[in-house]
Amino acid sequence: MMGIFLVYVGFVFFSVLYVQQGLSSQAKFTEFPRNVTATEGQNVEMSCAFQSGSASVYLEIQWWFLRGPEDLDPGAEGAGAQVELLPDRDPDSDGTKISTVKVQGNDISHKLQISKVRKKDEGLYECRVTDANYGELQEHKAQAYLKVNANSHARRMQAFEASPMWLQDMKPRKNVSAAIPSSIHGSANQRTHSTSSPQVVAKIPKQSPQSGARIATSHGLSVLLLVCGFVKGALL
């Protein structure tokens, strides 16, 4: 009897394990993130969806930025692929976590949205799914590459704004404000000198006709007195 009971328990255990493994093998990504090529300034979306093969305690999706193009190995820009993660692997050492979504159920999806993408956003992104069953955690991941092309118009505008504006005298634009007041002051000083000159001339005394008449009269009296003196001397 004891042997039959042990056989029965073993059969039930392996049956449950087989069913669980069969259901777990049905867990899959229903939507893989795709490689995206965008131009600077555009809005970018990456979609990721996962379906569990059994009743899960919870499902969780995390979006990660793994590394930029300078850190990638040759051929790392290939199509997204599903890869199992090791349980003892430290995910924080793999990149930067961007967002997390957690639900109770068998299906989960999450879109990564990047508005006004820039060149520094280029690189490898990863969708990580944690499937929490009773007594165990299963992790899955899928990757996609974001390629960002430079916006030539934006680059030209940045270069134009960064370069100094040169004038005809080969001085930077920032010196224009200093040059203008000096020229204004110089012209103002010239106007001051030109307007002050008549004032200096006006201070020089001028002889009026009356003063000239007085001078002529005094000379005439002197001559008359001199003549009278000569006549008086002759008569004596």
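In case you wondered, yes, glycine gets a Cβ from its N, Cα and C as well.
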Given ranges 23-45, 184-206, the stretch to which Swiss-Prot attaches the annotation region 'Disordered': 184-206
Segment-level pLDDT (mean, integer) for the domain 'Ig-like V-type' (27-143): 83
Nearest-integer angstrom distance between the alpha carbons (Cα) of Cys48 (disulfide bond) and Asn35 (N-linked glycosylation site): 12
